[in-house]
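Right, one structure below, let's go through it.
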């Protein structure tokens, strides 16, 4: 029976050689998690392959074939290629399955699919012990989840009753790795009963634990203490990973994440859950690094570091393809896969193991035909690549690729007549011209692929040529006629030329050719063919009588047009080329290879390579820097260097006066007689070394509050002056009449105030004077302490101010603003109770607003006036002023009443513009805005006209009472024009436009767009 089957397969292969092919999978089985609660009580594993003839299917479980056809089975059945498992049982049906597809051309095996039985056990019935903590202390409630599969579940906590779920926030965190509930600072409202809820999304089941009572007692402060610390983690390439970090402490700690050795977290990073979670999306190899989380509160700071490793499942770099080879020939099959760790490569042939690494065949036989599968696998996965190798043998035939009937060759040129029949094994080739058999000589040779090569062809080589191909299966021939034409020659070649930027140049190219042929000219720049359709602004063919003359016209030459221009004169028979160099003089090219070689705290050594000078000697170089706090991508600033001036021969310099512990990137541009050239590509980002801070906080001040509070304030130092990590402040203070200072450390660099409570600071009934305190603040980082600020005296008042400001007066400025001023409270000295910190100005609409909702402005005691903003037009306002100090506000002044002005019109002036015939003047005019004497809009005063360059915030402003104005024509560029009316109530809406100007030697053009 096997002999007859093999004979039938052989007959099918011979008769369907062109249309048949081996199996190719279109659908393969996937991993399945099955639960006993499934309503269908069956598992379906899909498998479908495309093949001709149609394939047959078999299945294997744990490398054992499932006997679907030979033995009836109550559990297994086959529907098409799909395997159906009825009433699955874990002991019988859990395992690894593969689908096997086969036809006469070979056998392939699908990728492995695992069948696992999912479950989620219940929590134990034992009661949970209560957790007792002090208010302000941290608490941990253990989940102790039950056994489960799959292990990927979500954890939530129920508060007091189902379905009231706890919402995590800055104080409360639920770990998705352990399920534990962490509360950084317990508050009285946290007391209650908690239950851990575990949900498995793949099996759709959830369970919850017995309730855990949480009992809170008195409050106290605790230092930050990290209790959730992410371990060393391995993530897959292009997948997402989440790192957890949470701390207990009172006040609730603030979590900060860092990537070790970098100034920023990866661009794909996102911090959530008030800093407890760091999500890294679409992880890449460059994300592999150490990561640090730091917990900070006023009592302490704690940090943790661990490593993130990035690995990858196998991915094909080089795979295999269907191949047809001659019997007896050599052949090599190889495939390459990327992955981390490096994938292991092995082979299958028709479903059975066939070696590893690279497959080499020294002499193919028919038995080598079949379906081959290359398998690459590592810890993270396995991939398959399938291809058919077909070994064939046939007599030569020219049916699909005969010798061309009519052949053309150029006089004195090289002629190749192709002869490529289909044949296996490779045939022997014989060529004849007429009846003459040709042999290899100095001019004529038969190439390995059967083609005939003729060198230095002449008219004598014209004639009828026949290729004869013969192997052990048969022979065949094909004939063609060769005609020799005149060779194409360049008669006028382009010449080397030098031009200035913006000029025009013509490159000549003429050729002689056979009159029976057509010719075309192809121009290329540095071997790139010029596209005249896309590059019409700069390149143009010169046509004479509608025929391409070969001449190239280059208009408005730019630096990028410099290079070698090649003219190719081409016919269907041959082609000939001629080249010329075009040199363009202009701005220098950008330097290359900008890199930092030495890094210090306030300086770096920068090195670069000189760029092209474009025909003009480079006069010097300029280095620019951009730091981490640059506002935009184009916010580059000229750097200070050593030496100060960099001449045209410079290739390195020290960049000085940099900030320590700051991320920088650098670029360089050159200057010649034509101006500044284009800047180089920025260097890689670097970070200067850290150093001791040298900048002290400014505006140190403060005041005494209630109940023994001493409030000390300052302006925080800008981040560029941190000069290192772990930056903070040391606050020093003491009563004026004491010697010893008190110190307090603040670890948050953004803090701007400190409150110290001390019962001894409270003013006693027999105190007549205000109490004085000396305060100063200094900075520190991991390298050491910085300087103190100047000492400042602040006062602890005995009581609120007892007097009110007098003679409050106001004046409207516009429909939305007003000025208010007053006579300040009498300065009776700091020795009395009348000490004040400043004034509170309160204003509200008399009939439309309530006093509690009034706007408030606070001004220092040294000022007796301020501007009121965000007022409503044409409204009646009341204004009140009070003095205040740390003890509170004093009595109010008498109310001042005022009316804001009416609003300006909402309609913008309609504008036109015109350029004079000479091109020297720009005229602009607009319509007057009509005024309604009985309306609710303010009276017009004059017009304001701003004419500024595009991209600039400001420009010159002209004021006029007329409805027109004229300007001298500005420099070439884009300009914006704004016209707005000035009214009693302020500036009106602007009518604006954009003017684009281009200037050349002959004329001036204007393209304007009304906005």
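Positions of Cβ are set from backbone N, Cα and C atoms, glycine also.
Sequence annotations record features per position, and here TrEMBL assigns domain 'Ig-like' to 23-116, 124-213, 224-297, 314-390, 396-483, 488-583. Residues annotated as domain 'Fibronectin type-III' in TrEMBL: 590-691, 696-799, 804-906.
Per DSSP, the domain 'Fibronectin type-III' (590-691) is made up of 0 helix, 48 strand, 54 coil. The domain 'Ig-like' (224-297) scores a mean pLDDT of 87 in the predicted structure.
Of the two recorded stretches, the domain 'Ig-like' (314-390) does not lie close to the domain 'Ig-like' (488-583), with fewer than three CB pairs under 8 Å once pairs fewer than 6 apart in sequence are set aside.
Most Cβ pairs under 8 A with the domain 'Ig-like' (224-297) among the ranges 23-116, 488-583, 590-691 are made by 590-691. When DSSP labels each residue, the domain 'Fibronectin type-III' (804-906) comes out as 3 helix, 48 strand, 52 coil, counted as helix, strand and coil in that order. DSSP states for the domain 'Ig-like' (488-583), grouped as helix (H, G, I), strand (E, B) and coil, give 3 helix, 53 strand, 40 coil.
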